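Per TrEMBL, substrate binding site is recorded for B:Glu202. Feature annotation from TrEMBL assigns domain 'GCVT N-terminal' to B:21-267. If you look up TrEMBL, you'll see B:288-364 marked as domain 'Aminomethyltransferase C-terminal'.
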There are 2 protein chains.
Amino acid sequence: MAMISPSRRLRRTPFSDGNEAAGVKGYTVYNHMLLPTVFRSIEEDYRHLKHAVQVWDVACERQVELRGPDAGRLMQMLTPRDLRGMLPGQCAYVPLVDETGGMLNDPVALKLAEDRWWISIADSDLLLWVKGIVYGYRLDVLVDEPDIAPLAVQGPKAEDLVARIFGDGVRKVRFFRFGWFEFEGTWMVVARSGYSKQGGFEIYVDGFDNGMPLWNALMEAGRDLDVHAGCPNLIERIESGLLSYGNDMTRENTPHECGLGRFCDTQTAIGCVGRDALLRVSMEGPVRQIRALELDATSVPPCDRIWDVTDARGMRVGRVTSAALSPDFNCGVAIGMVRMTHWDPGTHLLVQGPDGPIDAHVRETFWN
Amino acid sequence: MAMISPSRRLRRTPFSDGNEAAGVKGYTVYNHMLLPTVFRSIEEDYRHLKHAVQVWDVACERQVELRGPDAGRLMQMLTPRDLRGMLPGQCAYVPLVDETGGMLNDPVALKLAEDRWWISIADSDLLLWVKGIVYGYRLDVLVDEPDIAPLAVQGPKAEDLVARIFGDGVRKVRFFRFGWFEFEGTWMVVARSGYSKQGGFEIYVDGFDNGMPLWNALMEAGRDLDVHAGCPNLIERIESGLLSYGNDMTRENTPHECGLGRFCDTQTAIGCVGRDALLRVSMEGPVRQIRALELDATSVPPCDRIWDVTDARGMRVGRVTSAALSPDFNCGVAIGMVRMTHWDPGTHLLVQGPDGPIDAHVRETFWN
């Protein structure tokens, strides 16, 4: 693969200097911002993530801030998840859909107050959709991208490390809850969340200039925990069944196709702009859906485009959009969309990779 | 700089196989799609572009298609440029602004028919803004991203090459006009336009599968013209004063700050959502504006972040957002935003680059 050409348009983050000092080897671009993809090697990063602790520059999870009397109403317009029971201090994974029920983003929403929300977005300019809705409906709400840059601390030793910086109070923060904690005079949101299944926190670093001091403090405090710069890991996130917007789902897909039906309350999510479109699919279910696939392979090429999935006779029954070789599972692991005729666990399929067909079968999940 | 990590999310284009066969060395990401940045070297590509002809994969200029009775009204809502006089077959460079007058994109709009437009976008998910407006206003218009991939043919020999494929009719297409021309049974829009000042065309390739056949036909037909795969060239576009959305301007800037006031008819652009916000600035002018800067330098590092611009006493009076070394002008060339106190041609300034201050002065333009 080729080099990435630097330009201001591919925004650097408050932590870019830290990534470079740690020897970042690969980048992707996410919300017009640099996102590291590999430090030592994807496999080495993967093993390290599972036994130690990593600090991840996920500043590219940009925030869309909603502020004002209509903030709550607006938030409910965006998602078929019923948010009425949500309290300040809670996070919620929310499928966001357009008027046809197509996925626009799959962020984590943070309720800061009754009239103030952050939407921590995946890779699409959600701000533009929200601004369009606000303008069209003349809602009483300010929408903007604040100077907030998430920094994730992930891995089995994450809690110990974060407690050394923010105090033992963070240990009491439950999964998908957040609290406000101080770092050098600035109060920041610290949530128990993150794009791995190894446990950890996301710190919503307030102010670009606070980025490197916090980065350095974490690196210093975690030396005996074998802390290292890391990043969302391709292998681990596929094993963990964590979807990637733009890879595993796009505007073409409903939340139900993405296996996100459990985050939809289409009957009661009054005001959601995609509600009408989703009522039927929410009752009858989709005809294709995201599945974990096990690949009978000893090497897996980079999945840089859609790979067709066929049955033994060559009929197209789905597609794969993320794949990697898993050292721990000793097989290829993949995420794809499969037709209901072929989606039962155990079904034998062929994944049409660039080097020829790969034997595969549907799994319930990888992670248990 | 680091490698770019492949994934489906960074979409390949109909011409990616061609880029790879031609030895593409660098990429950027633009509208979630791969955009080549260098083939032989940026300097060699630059010299070749100015004397021969290049075929550019600009599929990343995604189209937002507007179709239906409200298409024209919607198009005018998006821009302060008065589009009433525009006829089918014409292109128009249109600043698109939000309700505050901030730039959302700077595309070329193509009027295909009274009720059908394409917006050939720069790097932001404009589709989401347009969909939000359409939904909020309940406009009678379909908005979507069609399967259209622009392929640019640029350079002094571009007309000869394009005529060999589409016939001599293309020679009659005037600047920023387009016609419909046939390639292997598919009618395609061919416009005299492109992101260089070397002349040429943009072919709006209809259908992914038509991409490589057309690419190959152009390469075959242009062999004696020294045709080569190319891409928008950093040096040439700065010399030519071509702005880059995300680099030289963002949502923070008005069109007038970007020197795009000549494309605004704020008084008469009735319906433009940013009209109220722009009325004052359109009369009084902005307090800072895009300027061409000549740098007294024999080398210019990559401009991957904002460089402050100061006066001799160190007071910040602007910033540079694109820069390169120009072989033809034998100096550094840069694009930046400068305060009105310091924007007159000839004004001496200091550009605070990563390796220290660079002497610079304001120019009217580079290209004449």
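Including glycine, each Cβ sits where the backbone N, Cα and C put it.
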Three-state composition of the domain 'Aminomethyltransferase C-terminal' (B:288-364), taking helix and strand from DSSP: 3 helix, 46 strand, 28 coil
Secondary-structure category, per DSSP, in which B:Glu202 (substrate binding site) falls: strand
Segment confidence, the domain 'Aminomethyltransferase C-terminal' (B:288-364), expressed as mean pLDDT: 97
